[in-house]
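Reading through the structure tokens given below for one structure.
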Amino acid sequence: MGILEVKNVNKRFGGLQALGDVNLSVVENSCHAIIGPNGAGKSTLLNCLVGKLIPDTGSVMFDGQSVLGRTPYQINQMGISRVFQTPEIFGDLTVIENMMIPCFAKRDGSFRMHAYARSNQERDVIEKAEIMLEDVNMLDKRDMHAASMSRGDKRRLEIAMCLVQEPRLLLLDEPTAGMARADTNNTIDLLKRIKDERNITIAIIEHDMHVVFSLAERITVLAQGTPLVEDTPANIKGHPKVREAYLGETA
Amino acid sequence: MLGLTGKDFTLFLIVVVMVVFAPIILNPFPVDSAMAQFNAGYPDLMQRFLIFGIFAVGFNILFGLTGYLSFGHAAFLGAGSYAGVWMFKLLSMNVLPAILVAMVVAGLFSVVIGYVSLRRSGIYFSILTLAFAQMSYALAYSVLTPITNGETGLQLSLNDPRVLDGAASADGSLPVPTFFGLEMRDSWDVTLGGWAFTFNAGYYLCAIFMLVAFYVAIRIFRSPFGMMLRAIKSNQQRMNYTGLNTRPYTLAAFVISGMFAGLAGGLMVSMDPLAGAERMQWTRSGEVVLMTILGGAGTLIGPVLGAGFIKYFENIFSKINDNVLHGWFAFLPDGLENAIVWILHPFVGKGWHLTLGLLFMLVVIFLPGGLVEAGQRIGRLFSRKKKPADAAQKSTQSTPAE
């Protein structure tokens, strides 16, 4: 039984069957990639996991609890963090403030009226945020405005913001989309290190085969909203159906 | 000090000094000089500086931090005013209960309006708040006449019960608001050479409330709560996916700013116990938006500056009439004098709105950070001249990593 269990999920947008009978099981402490051509329903599936969309039928269980009917912030509080396709960070805030907010969310829950406290006196939160920044090599950018950083740094910051919450499941939506090669490699290295050092389950949606094959332990191939195959990277590479549906176009 | 960082404490100290010595600072010209009409140091106007300062500081907690632009904050100012006058009518002429009840009533009112309006963001939020405020105005003007006294406005009368301190004063005239016996209109006039200064009890009461309000605003800005509000302005999506529920945060900010507006309303009627429906009109809501943006939204001191600036314009600049202009340009040949006065005429006196509008446009276009940004730019200009080496070093440091 995996930490994330998706069973018979269907999602229809008008006449379009975006997801048809999707079954997916993500094993704890593994890295599971979901690949597929454009329009295969990868992002729709991800949005069903985080509460942005509600499937028409089926169930999504995280650690034995259903996520359906919960809002994104409640699902995050259950232990699922999401990294977006374009980095979603707090551009107007400094890097350290960006890191402090998820720390507050972890410590105080979804709402706490601490208007009497002082941000610069919250030692435990600042310390935790700084350790995480150090870990991703960004401590030198501590007081920079987040919006002024390069795309690679923004991605790095976003991943750090998710990690500092110590999530049990990290969802990555094309984390290297639109990135320069050097930034892509840096991100892969970072994710590899995270996987090795922390007990964390990663589910990744990715277009870039280089990224997928360097990270994933299991791969699910989606095509037209339905899982085609689920197997190890080595087997996926040679699978005729996959070649036809997906790799055939690029390889 | 006081739980503020060095920089914030300095700012607070400057504001304290400015407020305490405002009766002197704002009266720089001798009484019988030609410039005396630019003196702003009379109690009525100085009270308005502070009251609208409180109003704008509170509005800035909502608009400056969360980015939610409310167009209905006058409703809370009005609700506070009515509540204050009712306290004078029913309970006592002491301003303290009036001000406290004004804050509570405005706070409750803002819970209701905020709860509904905050279901939407952006322009829809603005329209919802505007609609609520205009509804309140219309209600106050007509339907709720028993409570608001309609278009006449709510005022004191000799028949009011005033449970605590009885009926009218000894000579049968209307009682005046007091602070435990100290009448709000009490003033102490000092004449020094050609200068005259007025130290007014009501002004200093406003000053105490304004300084407390300003201090609270600084603390909110620097608190984790304030950080959350800024994060909401920056990226709501990320907030939701970081496990934070934005709704209670925005509602809390809305209610706090509503209570600041209620405090302003309560102080207004403490200075002049009269509340009319026009206090709720949308032009009042628009005014506080202008004050905040003109001064610098999201900055600590900006709204106070903006409030002072606009109130100065409204009360002083509007007094420049054609006679004054003729006086200034009397040294010119007659034809030229008349021509210049004719050109300037639309911009001064009753036309002060035009000048203010032009200034507002200039500020928004060239100084999006408001008067505070103007100050910062001037400050930077000087510091750059002093240490150009430091600036050069900084610019090389911030080159991107790639």
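Using the three backbone atoms N, Cα and C, a Cβ is placed for every residue, glycine included.
Because the structure is a prediction, the values reported are computed rather than measured.
The transmembrane segment annotation in TrEMBL covers B:12-29 (among others). Panel annotation: around the transmembrane segment (B:12-29), residues 2, 4, 35-36, 38-41, 46, 49-50, 195-200, 203, 207, 210-211, 214-215, 218, 301, 304 of the same chain, lying at least six beyond its termini, place a Cβ under 8 Å from a Cβ of the stretch.
Marked as transmembrane segment by TrEMBL: B:49-71 (among others). Away from its own ends, the transmembrane segment (B:49-71) comes close to residues 19, 22, 40, 77, 117-118, 121, 125-127, 129-130, 133, 203, 206-207, 209-210, 213-214, 217, 220-221, 226, 229-230, 232-233, 249-250, 253-254, 256-261, 263-264, 267-268, 271, 282, 285-289, 291-292, 295, 297-299, 302-304, 306-308, 310-312 of its chain (Cβ-Cβ under 8 Å, at least six residues beyond either end).
The transmembrane segment feature in TrEMBL is assigned to B:91-116 (among others).
The annotation transmembrane segment is assigned in TrEMBL to B:123-144 (among others).
Summarising the annotation, TrEMBL assigns transmembrane segment to B:201-221 (among others).
The feature transmembrane segment is assigned by TrEMBL to B:248-269 (among others). With a threshold of 8 Å between CB atoms, the same-chain residues lying at least 6 positions outside the transmembrane segment (B:248-269) that come near it are 47, 50-52, 54-55, 57-63, 65-66, 68, 70, 73-74, 76-85, 88, 95, 98-107, 109-111, 113-115, 117-118, 177, 205-206, 209, 213, 220, 225, 228-229, 232, 275, 279.
Tertiary neighbourhood of the transmembrane segment (B:289-313): same-chain residues 8, 11, 15, 40, 45, 48-49, 52-53, 55-57, 59-60, 63-65, 69, 71, 214, 217-218, 221, 230, 352, 355-356, 359-360, 363-364, 369-373, selected by CB-CB distance under 8 Å and a gap of 6+ residues from either end. Per TrEMBL, transmembrane segment is recorded for B:289-313 (among others).
Summarising the annotation, TrEMBL assigns transmembrane segment to B:325-345 (among others). If one looks beyond the transmembrane segment (B:325-345) by at least 6 residues along the same chain, the residues whose Cβ comes under 8 Å of a Cβ in the stretch are 34, 351.
Under the heading transmembrane segment, TrEMBL lists B:351-372 (among others). Counting only same-chain residues 6+ beyond the ends of the transmembrane segment (B:351-372), those with a CB under 8 A from a CB of the stretch are 290, 293-297, 299, 301-302, 305-306, 309-310, 313-314, 317-318, 345.
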